Amino acid sequence: MQMAQFLSLVRGDSIESPREITSPSNLISESGSNGWLIRFFDSSFFCEWIAVSYLYKHQHSGVRDYLCNRMYTLPLSGIESYLFQICYLMVHKPSPSLDKFVIDICAKSLKIALKVHWFLLAELEDSDDNEGISRIQEKCQIAATLVGEWSPLMRPHNEPSTPGSKVLNKFLSSKQKLFSLTLSPPTQKSLLFSPTSGSNLQDDGSQLSADDNKIFKRLIPSPKVRDALLFRKSADKEDEECEKDGFFKRLLRDSRGEDDEQRSNSEGFFKRLLKDNKSEEEEISNNSEGFFKRLRSSKGDEEELTSSSDGFFKRLLRDNKGDEEELGANSEGFFKKLLRDSKNEDEEPNANTEGFFKKLFHESKNEDDKVSNAVDDEEKDGFLKKLFKEKFDEKRNGNERNETDETVYTDETSGEDNGREGFFKKLFKEKFEDKPNIGKADDGNESEDDESSEFSLFRRLFRRHPEDVKTTLPSENCSNGGFVESSPGTENFFRKLFRDRDRSVEDSELFGSKKYKEKCPGSPKPQNNTPSKKPPLPNNTAAQFRKGSYHESLEFVHALCETSYDLVDIFPIEDRKTALRESIAEINSHLAQAETTGGICFPMGRGVYRVVNIPEDEYVLLNSREKVPYMICVEVLKAETPCGAKTTSTSLKLSKGGIPLANGDAFLHKPPPWAYPLSTAQEVYRNSADRMSLSTVEAIDQAMTHKSEVKLVNACLSVETHSNSNTKSVSSGVTGVLRTGLESDLEWVRLVLTADPGLRMESITDPKTPRRKEHRRVSSIVAYEEVRAAAAKGEAPPGLPLKGAGQDSSDAQPMANGGMLKAGDALSGEFWEGKRLRIRKDSIYGNLPGWDLRSIIVKSGDDCRQEHLAVQLISHFFDIFQEAGLPLWLRPYEVLVTSSYTALIETIPDTASIHSIKSRYPNITSLRDFFDAKFKENSPSFKLAQRNFVESMAGYSLVCYLLQIKDRHNGNLLMDEEGHIIHIDFGFMLSNSPGGVNFESAPFKLTRELLEVMDSDAEGLPSEFFDYFKVLCIQGFLTCRKHAERIILLVEMLQDSGFPCFKGGPRTIQNLRKRFHLSLTEEQCVSLVLSLISSSLDAWRTRQYDYYQRVLNGIR
């Protein structure tokens, strides 16, 4: 009991403050029961799947915090595979650490940020907590735009500085370079420090002027100053006081030995400040020289003055109309007015500027005797402290604007204290402090308006963070020491000036008046793994391009989806096509405009691409009863990558649970040599490494090459355990041995095919008998013709309408111009590569590097989140088969959910549905006819196409059984150019079915025309490829059982989502688990798979559903 209380106390204390687990020993010492979990997370087995699954199973904040910290080490491509589940958990199982992780990865990848936005948008439309989801969505948007780390889609072009803001642009560019230098490693030598011509180069490669070069050289800090600024994150509070002296000694050090250069620089400073014409240069030089004598007597040492202040103060203090002459003639009076104290004079709007020069060049006669005795104090509290010093007891007095346009400098009304409230007091005013109303300038005073606009932007660059104001106010009220530390010019000020990326999120303009981010208990501390990168500035061009790309990409996808939604109400079909063409033309015009704001990201596929055009003649309207999906081609350009970007070979590999994307980019491994039937084995694979034992290869080869002439075959299966020995057991019959493990005591599945002993010689089938014979079941083609004939007479079977609702009857008829299918004909009418070359030749972007063509389907009106889940599960089955080395073939595709009723779907090139193949070619009445015409019967390519068909049939049959995928008519079955079959459209799975009636009760679709391709028939006639199909189904099912929890848990995470497939409630997950038959032995599982195949052989319900689709929707 005491131990339990102690553990609970420890857990309670850990929730009070954010935690960051740096070593596993800390958590192990807190709770011994969690030690194994931490060791598991730190092992090499840790991956994206483990992270997501344990985030779902564990509610403890400590476990979640540790998992989120560990997820930072995982690749973004793997995280993107489970982004759908992560966003769902973030909404329905909230955690501060998970929120922060999602926000951080949004800052690293534009595609992830876009997908997070769309996933949250879909949840926002279904959830009651709209405010909470909107808040997270806005934070992700800020992270992706203002503090994004991803490279812009286009290289930002340097904008030329306008004549009205040369001074400000010069300062901004110098300040940005100063930030990058102070935050770069001191050991790196930049070209900017070189005295050669390389130092005169700007970012775009253009030459700097001589004045600009001097300004920049003066702003470059020494390596010691950079070292002092780099320690800001690691310094403790107790070390701040002792390090401050050294910090400002280095920052304000004297540059002795440069008196001549300083004198020339300062002399040039006031020459340009008060210059009227060339004849007055000598007089102004003498005045400025006398001024510096007074300055040196008050300070005791010389401070370096940068020439950057030349143009700045000249613009700040000059009059807008012809005041340069008056400045030249009355320069002596200017300095008298500049340096005198006037406590009883009226205060004018420009008193702040005059107060600045008073503070900057104030004569302090009382300090003449202290110059030699307090050198260190002068270095610490000298120039910059006077320059940036801030007064807290602020007085607000009304000001009046002088009616004339001839005066620039006015007299002061405030005393010595108000005189200090000058230029930099206004510059460093807090962000949330009320701004006094000084008055309005005259309409003709254009320079005053220009000055105020630039001044507000200049002050915003150095604004103080609101949290700093909150933390410094108590100390300011308590003692004067707090004022010294937090006022501008001190070390704390500079530490806050170069604040972290996380602070700049809250300081952004888009964050507005929203609440600042609260640190919730249990959230991990922010990690700063890249201190050498310069912090992003909200005003630079790269940030503007990121913001533009993010919003333009969202608008682009929204316009595509809304087009599909609006086409529903347009009739007839010709008007619908015209409207779609006009909409595409309008989107193309928007694409051209988006090029100036950063470009539009193509959100699908592997890699980062920028959308440049949509060919207007390449759209296709797809057949649908109630919706109007359409297919388009999109021209894209590969996004520009920064120099030095690492390219790894891992990008070509499929991640765990990843989806092969982007129209043929799927990296599908070739099957091992033992997967080939003996008669079709290719020579190229004979020398490759074998993945299974020799006995397994021999057994499968024997099973595949066995030509049985008996009509009925009995299958006898048994599981045997053999010790590791070199002896081989030989059976008298035809024996197939399947290896199921690699342990020392191996388990073998023995498959024996024997003829029925009751058969006589007369029962032996004649080998010359035609392969496709008629049998007791009515052929699909004959039955369909009978139904069509009855419909023509006004008769129809019960429950079937005479015509498809809303469908053109021409869909069921062969094409008028359809010819005979030949071996070289493209299934889709045109090969994808030929289409790609044709469009590239006609496109104005075709000659640009990185050009590519993508094809997508835009769909609206359906919630495609269930289809996204189905494709994700198929990708997991794909990984399971690949890891086991099995040749079962699957082709996942990408479904990108953009809302609860819209989605973008990847198209699979060079494919066509069985329905479209039969409709296009009159000579094709069955799938066997298609194979005979396409691949030439009995040719090597025909055998290879048969093998591809069997491998894909076995893979999809298991998936359809385990996930209970329904609505398997020929419109949802595709064929590719290599003979693979591909399933699409997973709107009915797990517990729902078309019409709410489970009419398709067979485990999977295995009709006669599918069996004919495997040289079998509706009775299950044994053949080489049909036996191969059985073996693959047995191997695949035994392998899937080992990963059952991986599939079940992925589905269980979303069981409360309200998807149609979960309408069965908790029984949905229970039935899914039952279909894996985890309680059966492997021998029993073999018999189970064979019984599933037998139950699916040309099942009556499956055939009747095909008849129904043919009559109702014209699907052949």
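Placement of Cβ uses the backbone N, Cα and C atoms for every residue, glycine included.
These figures come from a predicted structure and were not determined experimentally.
Checking Swiss-Prot for region 'Catalytic loop' across the ranges 199-207, 721-729, 964-972 points to 964-972. Within the listed segments 171-177, 549-555, 836-842, Swiss-Prot records region 'G-loop' for the stretch 836-842. Within the chain, the region 'Catalytic loop' (964-972) has long-range Cβ neighbours (under 8 A, six or more residues past its boundaries) at 870, 913-915, 918, 983-994, 998, 1000, 1004-1005, 1071, 1075, 1102, 1105-1106, 1109, 1113, 1115-1116. Per DSSP, the secondary structure of the region 'Catalytic loop' (964-972) breaks down as 3 helix, 0 strand, 6 coil. Mean pLDDT for the repeat '5' (307-326) in this predicted model: 46.
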